[in-house]
Amino acid sequence: MTKYVFVTGGVVSSLGKGIAAASLAAILESRGLKVTLLKLDPYINVDPGTMSPFQHGEVFVTEDGAETDLDLGHYERFISTKMRKANNFTTGQIYESVIRKERRGDYLGKTVQVIPHITNEIQAFIERGAASATCGEPDVAIVEIGGTVGDIESLPFLEAARQMSLRLGRNSACFVHLTLVPYVATAGELKTKPTQHSVQKLREIGILPHVLLCRADRRIPDDESKKISMFSNVPEDAVISVWDADSIYKIPQMLHDQGLDRIICEELKLSPKDADLSMWSALVEKLENPKQEVTIGMVGKYVDLTESYKSLIEALRHASIHTSTKVNIEYIDSEELETNGVDSLKHLDAVLVPGGFGRRGTEGKIAAVRYARESKVPYLGICLGMQLAVIEFARDVVGLKQANSTEFDPDTPERVVALITEWYDREGKVETRTEESDLGGTMRLGSQRCPIKPGTMAEEIYGKDVNERHRHRYEVNNRFVPQLEAGGLIISARTPSEDLPEMMELPRSMHPWFVGVQFHPEFTSTPRDGHPLFRSFVEAALANKQARGVQA
């Protein structure tokens with residue numbers, strides 16, 4: 001039978017519940033347990049797919065095509081279990097499901113209320129999510145409840161967790177509470193009062209945490225831990241200090257050293273083998289001792305909030321581990337390139353243009369593409385970054401001066417990039433879209449496998465085929481492909497059913513390393529294995545740096 005660990009947060013948001021939950025999962029997996037994770041989001045949106053990156057950060061796409069919270073990306077990077085749509089749900093989905101049932105008459109004329117109907121539905125979603133784990137029936141399901149204790153939006157989820165722990169019985173569920181212990185510089189001390197009040201709030205609704213994870217900018221002294229223990233009624237050895245680390249991959253060892261996994265296993269009456277965190281130690285060792293260094297420019301419009309590119313940043317970090325290279329990322333606002341030109345790119349070893357939406361900043365990104373192509377600087381374009389690379393090539397090499405995407409200019413006569421109106425999903429079902437379709441949940445989403453053209457750089461990187469995740473509405477228009485190919489551009493991968501261009505590149509006679517991909521390879525990169533595309537990109541940046549050094 002699956003046992004549950006509920007992870008809650010207090011005092012403020014953005015303390016790192018997702019990292020804490022994923023780190024605990026990594027330790028338990030290293031002890032031989034089958035583990036899955038779920039994220040419960042209290043907002044009323046059905047999913048984060050239409051939310052601004054400034055509001056929500058990155059939207060992580062699962063293999064089965066769900067648009068989910070960025071924490072699911074952390075989950076997949078820390079454990080081997082793949083996430084699915086059932087691993088993330090929102091208040092919006094819960095209410096949508098309950099209202100559908102009410103309309104069908106499933107409640108037999110009863111008054112539908114938050115308790116028991118909403119809380120029962122939350123419990124059903126949790127158990128369904130755990131049961132659908134790709135690892136088979138999990139030994140432990142770690143359930144991260146979004147928001148902060150005390151928020152009105154989180155109350156139904158906390159109540160559902162309380163009811164569920166009572167229903168499952170002793171040693172079947174436990175609670176881990178992550179809270180802030182701020183350092184007040186003027187007083188020169190850590191303050192435990194916010195943590196005391198946060199635990200008090202939990203106790204008011206009937207939840208007694210078994211473990212406290214105390215976030216601070218430094219390790220919490222023993223006397224402060226004793227005070228927290230006394231006022232929160234949590235054993236002193238279960239008051240665990242979680243201080244700021246320069247790498248998230250150090251957190252599993254930090255938590256294990258303080259006995260978190262031992263406490264959880266004792267509470268849940270589990271007797272697994274000892275933890276083996278040697279893989280994590282080796283990763284950290286490689287990360288901290290690089291043999292070389294490169295600087296990569298990431299040109300986007302969400303650069304003030306790097307959470308928007310969380311998986312991409314981690315994928316570059318994974319490549320740094322597997323190439324023994326320190327990767328410095330410079331975030332470059334594409335709108336500034338429109339105003340000030342591309343001089344700020346000239347010291348870079350490589351240029352990356354990530355995915356994005358909307359017209360704002362696109363001409364700055366196109367300027368970055370042109371600079372990379374003409375200066376023979378390694379270029380990687382992801383999703384929109386590939387589309388803009390094709391547009392730049394069409395304009396400046398092929399001579400289609402009005403080439404554009406219908407996303408930015410619906411009236412352009414040279415629709416090099418246009419809306420996909422029909423495609424097959426990963427199950428082979430035909431999906432159709434029009435300009436009038438809803439925005440939510442109407443993109444091409446999820447994994448799809450497609451063959452790679454022999455003799456290409458794509459084949460050198462991936463092999464005979466590629467299986468990556470997608471999140472896009474627009475696609476390179478096949479009507480213009482013959483002209484693009486005549487100019488030298490190579491379409492190196494296409495979807496098998498609809499013949500949609502998936503990868504493009506320039507031949508080495510034109511450029512040493514210039515690649516665009518319509519999919520999002522960052523979603524499948526892990527610290528354990530890295531990713532072949534990002535590894536190749538970093539190696540190309542190294543080669544460019546060395547070549548420039550020889551010339552200098």
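Glycine too: its Cβ is placed from the backbone N, Cα and C atoms.
Non-local neighbourhood of H520 (active site): V61, S311, G355, I382, C383, E468, R469, H470, R471, each in the same chain, at least six residues away, with C-beta under 8 Å from its C-beta. Residues or ranges marked as active site by Swiss-Prot: H520 (among others).
Long-range neighbours of E522 (active site) (same chain, six or more residues apart, CB within less than 8 Å of its CB): S311, L312, E314, A315, I382, H531, F534. DSSP assigns E522 (active site) to a helix. If you look up Swiss-Prot, you'll see E522 (among others) marked as active site, on the strength of sequence analysis.
The Cβ of T195 (CTP binding site) lies under 8 Å from the Cβ of G10, V11, T179, L180, V181, L212, C214, I228, S232, each on the same chain and at least six residues away in sequence. For S13, D151, I152, E153, K191, T192, K193, P194, T195, Q196, K227, the entry in Swiss-Prot reads CTP binding site, with the evidence type sequence analysis.
Annotated ATP binding site per Swiss-Prot: S14, L15, G16, K17, G18, I19, D71, in sequence order, evidence recorded as sequence analysis. In the structure as shown, the Cβ atom of G16 (ATP binding site) sits within 10 Å of 20 other Cβ atoms.
For G356 (L-glutamine binding site), the number of other Cβ atoms no farther than 10 Å from its own Cβ, over all displayed protein chains, is 21. Per Swiss-Prot, L-glutamine binding site is recorded for G356, L384, G385, M386, Q387, E407, R473.
Sequence annotations record features per position, and here Swiss-Prot assigns region 'Amidoligase domain' to 1-270 based on sequence analysis.
Within 10 Å of the C-beta of L15 (ATP binding site) there are 19 other C-beta atoms, taking all protein chains into account. When the alpha carbons of K191 (CTP binding site) and L15 (ATP binding site) are compared, the span between them is 16 angstrom.
Excluding the listed site residues S14, L15, G16, K17, G18, I19, D71, the same chain places G9, A20, A21, H74, E144, L178 with Cβ atoms within 8 Å of the centre of the ATP site Cβ atoms. Residues G356, L384, G385, M386, Q387, E407, R473 are the ones the record ties to L-glutamine, and the longest Cα gap between any two of them is 14 Å.
Here the candidates are the binding-site residues G16, G18, G356, L384, and by Cα distance the one nearest K227 (CTP binding site) turns out to be G16. Same-chain neighbours of the L-glutamine site beyond G356, L384, G385, M386, Q387, E407, R473, judged by a C-beta within 8 angstroms of the site's C-beta center, are, in sequence order, G355, F357, C383, L388, S405, V417, H472, Y474. The Cα of K193 (CTP binding site) lies closest to that of K17, out of the binding-site residues K17, G18, I19, R473.
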